[in-house]
Amino acid sequence: MEKPPLTSDEEDTRMGESRSEAELLDLGVQGTSGGVVSSGDVDDRPAWDSKLQYVLAQVGFSVGLGNVWRFPYLCHQNGGGAFMVLYVMLLVVVGVPLFFMELAAGQCIRQGSIGVWKHISPKLAGIGYSSCMVCFFVALYYNVIIAWSLFYMGNSFQYPLPWEQCPINMTTNNTVKECSGSSPTSYFWFRKALDITDSIDESGEFNPIMTGCLLAAWAIVCLAMINGIKSSAKVMYFSSVFPYAVLFIFLVRGLMLDGAMEGIAYMFYPKIEIWAEVQVWRQAATQVFFALGLGYGSVIAYSSYNPIHNNCHRDALMVSCINFMTSVLASLVVFVVLGFRAKNIVLNCITQNLGLLNDMATHGSNHHWWPWFNMSDPASVTIPDYREWYHHYGSQVGTNITDCDLDEEMSKGVEGTGLAFIAFTEAMAQFPASPFWSTLFFLMLLNLGMSTMFGTMQGILTPLMDNFSLLGRHRTMLTVCSCALGFVIGLLFTQRSGNYFVTMFDDYSATLPLIIVVVFETFAVAWVYGADRFLDDIEIMLKWRPPVLYKYLWKYVCLFAMVGLLAASLLRMVFKRPTYTAWNHTTASETTLEYPGWALAMLATLILAATLPVPVGYFHSWLKNRGMGPEGELAGQEIDRERYTKCNSSDALDSNSQHTPSVEDDGRPRASFLPLGLDHYRLLPQQEDVEEEEEDTM
């Protein structure tokens, strides 16, 4: 016989007693961070020392090198202010909801990415493994960029800077041809720093200096991560805050430079017609996606160390706003410096051309197209005056006299590593006290890279330690071995052709796999687990219910947006063969080459290796449960869920709450992120007696 249902009075009394018992038990399981955690989690689950530590960690991970060079480049190439408006719109509609979803899932389940998705459904455990794979691929090449920053920072302690002037060939006593054909900064980057080959097919020997810098970079990461968040969080106080101080210093200094206003005007000039291009939407969505670090598992890992009742919704809004404002701040700094650089180049161009015109005048040349301005005083000639004259008579003056276009110069050397290691270094070489500014800039890049690396490594280590108890017991050994493995594999990038492999990993090892991961994450929460159920659990965790708008954003808008982004990325790869930019030392210029067949195979292997865990995990779970039948499969899922820590939320409902557990159609209570029962708590003796009496009455 079934137990008779309780009357309303008895039910209220019983629930009140349960809440009282839970509150008594909670006194024994309050974590040092102030949140409610399960009893088994108190001794071994780390926690942030303060909310500031956590916010700095999330901001440090999401704000990285991409904010300094990728966002300004995209803003410049895609309509300036129009791109910013589009970016903000996609950030609000897609970025913030997905970021909030990852924060809430990690904070509630208190596991890394593997445990979170296995908790939702064992068939989706592969999502967490895919996140770990992508994090590992990103860590491999990201630390190489940190090694480059270390190299440049070390060379900044010289006066004059080694990239200010072209070296002299001691044999011919002339300027090195490769340098005179390009620029001192380009020559230093491609020949001195990278000693690069002409294509990816020519591997070349190892670059010993870069190998040493890479070893130093991995050593710094290892030392900062060796004690988990307790050690990395302390480093975050400096690595996350210092870049902002440097950006503000550069902005103030940059606004004093000639050409700063031209750079800002170029940045914000709106081109609304650019919205009609699909490519612009794809790039804006991709930037939102990578700016917040979605899919890496690092957001989940960091939030898993939070108190259970932490307001993760406010955190999502705050971190997203800080991220966007940082991108705008970095763009202002970039464009005032690029404006200064471009204006100097254009003024030098005008001076050279006026010198040629003066030479023509000394030989008695006097034509109707002769300039109306004073050629003997180049400083008095403005750029608009010169361009107006050239526009009317440029075709008649011969090839020696060239146009001096400020917009054209602004568009050069803006993308990727070229911005930091060519364009920015060229501009800083013209600063007074250039070694100081160069050291400050590369120290900022070093800190930006390190804070992102800490989050990336946390996205690898936390899921592994949570999911495998043996690794969890040997945290130090796991950290050291992971960093050592990263260094050994990273030797691929310290070859003379290593820069081409960095480009390959940056363009393809993370983009498609991460989009696929986030598509499955969104589908898992919105459709497999259920958006309403997820909001129910968040309501219990936060003690207030987020707007129902999130339900429709997760189920439809975010999911369709990510699927559309995935389709656009795949179509671009199919219809446009992957290419890379190579340096030709003979012509001293960059050229675009197609990847050879073996490189395409390597590229495809990277994508497959990162995405394969998702289908493999699904079929492994399906084969495991195939012979159990429906009841056995459901029981297996519940057992898997019970392996992970669950948030105790019985005390989260106050007397005015109307939230009640819903029941499936078959009458079976549903599984939840936040189970209403005290699954992991010891029953009080009085409650044990009550249950014994109830059993006797059956």
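For all residues, glycine too, the Cβ spot is worked out from N, Cα and C.
As annotated by TrEMBL, Na(+) binding site applies to GLY60, VAL63, ASN67, ASN323, LEU448. According to TrEMBL, the compositional bias 'Polar residues' annotation covers 648-661. Per TrEMBL, the feature region 'Disordered' maps to 1-20, 648-673. The transmembrane segment annotation in TrEMBL covers 84-105, 126-151, 209-229, 241-268, 288-305, 317-338, 436-455, 476-494, 514-531, 552-575, 595-619.
Each residue in VAL59, PHE61, SER62, GLY64, SER240, PRO243, THR326, SER451, THR452 lies on the same chain as GLY60, VAL63, ASN67, ASN323, LEU448 and has a C-beta within 8 Å of the C-beta centroid of that Na(+) site, without being one of the site residues.
Ranking 209-229, 317-338, 514-531, 552-575, 595-619 by CB pairs under 8 A with the transmembrane segment (241-268) puts 317-338 at the top. Counting same-chain residues at least six beyond the ends of the transmembrane segment (126-151), those with a Cβ under 8 angstroms from any Cβ of the stretch are 65, 112-118, 193, 209-210, 213-214, 216-218, 220-221, 295-298, 417, 421, 442, 445-446, 449-450, 452-453, 456-457, 459-460, 463-464, 467, 486, 489-490, 492-494, 498, 501-502, 505-506, 509-510, 513-514, 516-517, 520-521, 524, 606, 609-618. Taking residue pairs at least 6 apart in sequence, the transmembrane segment (476-494) and the transmembrane segment (514-531) share fewer than three C-beta contacts under 8 angstroms. Against the transmembrane segment (209-229), stretch 436-455 shows more Cβ pairs under 8 Å than any other of 317-338, 436-455, 552-575.
Stretch with the most C-beta contacts under 8 angstroms to the transmembrane segment (84-105), considering only 288-305, 317-338, 552-575, 595-619: 288-305. Neighbour count (other Cβ atoms within 10 Å of the Cβ, all protein chains): 27 for VAL63 (Na(+) binding site). Here the transmembrane segment (317-338) has long-range neighbours at 55, 58-59, 62-63, 67-69, 71-72, 75-76, 84, 87-88, 91, 95-96, 99, 244, 247-248, 250-251, 254-255, 257, 259-260, 263-264, 266-267, 291-292, 410, 414, 419, 423-424, 427-428, meaning same-chain residues at least 6 beyond its ends whose C-beta is under 8 angstroms from one of its own. If one looks beyond the transmembrane segment (552-575) by at least 6 residues along the same chain, the residues whose Cβ comes under 8 Å of a Cβ in the stretch are 90, 93-94, 97-98, 101, 278, 282, 285-286, 289, 511-512, 515-516, 518-519, 522-523, 525-527, 531, 534.
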